[in-house]
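Undergrad: One structure is given below, represented as C-alpha cells, and several questions about it will come after.
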Amino acid sequence: MKLFTGNAIPELAQRIADKLYITLGNASVGRFSDGEVSVQINENVRGGDIFIIQSTCAPTNDNLIELIVMVDALRRASAARITAVIPYFGYARQDRRVRSARVPITSRVVANFLSSVGVDRILTVDLHAEQIQGFFDVPVDNVFGSPILLEDMLQQKFNNPIVVSPDIGGVMRARAIAKLFNDTDMAIIDKRRPRSNVSQIMNIIGDVYNRDCILIDDMIDTGGTLCKAADVLKDKGACRVFAYATHPIFSGNAYENIQKSMIDEIIICDTIPLKSKIRTLPNIRILTLSGMLAETIRRISNEESISAMFDYSI
C-alpha cells in the first residue's frame, strides 16, 4: 500500500499516513510557468496498491485536474490498483437537471473523467447526494462522518438538547442522529419563499424553548441559511445553538455571516482545509476524520468489509 497526495489537503493526508504508520509517497505536484499542472511520481509504484488523497474543494478545478493527472501518471507507471480518496467531492450539488433546465449534470461529467482516466475505486465522505455513486463505472465507498460528530456530541454537556434539521432534505440524517443521541427529540426548520423577490420564511416544527439546539448538516457553504436558522431558533427561546457538519466549504461571505451570527459553536471535520481568516473565529472547532479514513483505507487494501465499520447509515 502507498499513499500519495496533491495540494488540496496535505495535512489530512499526513495524518492518515501517520495513523497507518507509513510515509507519504514521493511525488512532485506543481505548475508549469503557464499554470498547467505538472506531476511526476518519484518512486517505483509498479504493481502497487495506490491511494491518492485529494479533496476536490476550492480551487476546485485545479484540485480536480491534479487528481486526474496524478491518476494518469500512476497508471502509466504500472500501478496495479488506484483508489481515489476524495474526502470532499466537489460538483456533487450539480447532480440533476431541475425542471429540464438547460444545464449540465456536472457530477456525472466528473465521474466519467475519473473512470476513464483509470481510477479503480472511489472513497469519499458524505456525498451530498448518494445517488452520485451510480454515476461511476467503478465501485464507490461513501463513508460517513456522522460517527465522529456523534462521538463528540455524546461528550458534551448539553442542556435539554434537541436535534434540528436545517431543512426538509436533511430530516433522515437528523432523525438517525437523534435516535443514536440518546433518542433525543427532533425539530425541523421549514423554509419557504411565498413568491419571487420575497424574503425566505423559516418556520420551526417542534418545541425548542429553553433547550440547546443541535443543527445537523452535511456541509456549510456561505453559512447564510445556517446563521439565519440560529437566529430563528434563538427567537423561539432556544438556550444555545450548535452546528455540526462534515464539510466546511466556507465560501463567499461565510466569515462575516458566522462572525455576526448567534451560533454558539460550529463543529466541522477536516475534509477541507480552513482559510486562515476562518480559523481565527473563536466558535469554530475541528474534528479529524484521519482515523476513520485510515481504517477504511486499510480495509480496502486488505479486501475487508467497509460496511462492518458502520452499524447504521446516515
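Yeah, the Cβs are placed from backbone N, Cα and C, and that goes for glycine too.
Pasting the feature list from Swiss-Prot:
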BINDING   ASP34, GLY35, GLU36, ARG93, GLN94  ATP binding site
BINDING   HIS128  Mg(2+) 1 binding site
BINDING   ASP167  Mg(2+) 2 binding site
ACT_SITE  LYS191  active site
BINDING   ARG193, ASP217, ASP221, THR222, GLY223, GLY224, THR225  D-ribose 5-phosphate binding site
Undergrad: Of the recorded positions GLU36, HIS128, LYS191, which one has its Cα closest to the Cα of ASP217 (D-ribose 5-phosphate binding site)?
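TA: In terms of Cα distance, ASP217 (D-ribose 5-phosphate binding site) lies closest to HIS128.
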Undergrad: Would you mind reading off the Cα separation of GLU36 (ATP binding site) from THR225 (D-ribose 5-phosphate binding site), to the nearest angstrom?
TA: 37
Undergrad: Which one is it: of the binding-site residues ASP34, GLU36, ASP167, ASP217, ASP221, which Cβ has the fewest other Cβ atoms within 10 Å in this structure?
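TA: Each of the binding-site residues ASP34, GLU36, ASP167, ASP217, ASP221 was scored; lowest Cβ tally within 10 Å is ASP34.
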Undergrad: Find, among the recorded positions listed as ARG93, HIS128, LYS191, the one whose Cβ has the highest number of other Cβ atoms within 10 Å in the structure shown.
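TA: By the 10 Å Cβ neighbour count, HIS128 comes out on top.
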Undergrad: If we count other C-beta atoms within 10 Å, could you say which of the binding-site residues GLY35, GLY223, GLY224 has the fewest?
TA: GLY35
Undergrad: Rounded to a whole angstrom, what is the largest C-alpha distance between any two of the residues ASP34, GLY35, GLU36, ARG93, GLN94 that the record assigns to ATP?
TA: 30
Undergrad: Around the Cβ of GLN94 (ATP binding site), how many other Cβ atoms lie within 10 Å? Please give the count over every shown protein chain.
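TA: Cβ-Cβ neighbours of GLN94 (ATP binding site) within 10 Å number 18.
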Undergrad: Under a criterion of Cβ-Cβ distance under 8 Å and sequence separation of at least 6, what residues of the same chain contact THR225 (D-ribose 5-phosphate binding site)?
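TA: Spatial neighbours, sequence-distant, of THR225 (D-ribose 5-phosphate binding site): PRO166, ASP167, LYS191.
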Undergrad: Taking only the Cα atoms, work out how far GLY223 (D-ribose 5-phosphate binding site) lies from ARG93 (ATP binding site), in Å, as a whole number.
TA: 16
Undergrad: Relative to the Cβ position of THR222 (D-ribose 5-phosphate binding site), how many further Cβ atoms are located within 10 Å?
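TA: A 10 Å sphere around the Cβ of THR222 (D-ribose 5-phosphate binding site) contains 17 other Cβ atoms.
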Undergrad: Within 10 Å of the residue listed as 'Mg(2+) 1 binding site', Cα to Cα, which of the binding-site residues GLY35, ARG93, ASP221, THR222, GLY224 are there?
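TA: Qualifying among GLY35, ARG93, ASP221, THR222, GLY224: ARG93.
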Undergrad: So of all those binding-site residues, GLY35, ARG93, GLN94, which one's Cα sits nearest to THR222 (D-ribose 5-phosphate binding site)?
TA: ARG93
Undergrad: Distance between ASP221 (D-ribose 5-phosphate binding site) and ARG93 (ATP binding site) at the Cα atoms, whole Å?
TA: 12
Undergrad: Could you measure between ARG93 (ATP binding site) and GLY224 (D-ribose 5-phosphate binding site) for me? Cα positions, answer in whole angstrom.
TA: 17
Undergrad: Work out the three-state DSSP category of THR225 (D-ribose 5-phosphate binding site).
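TA: The three-state answer is helix.
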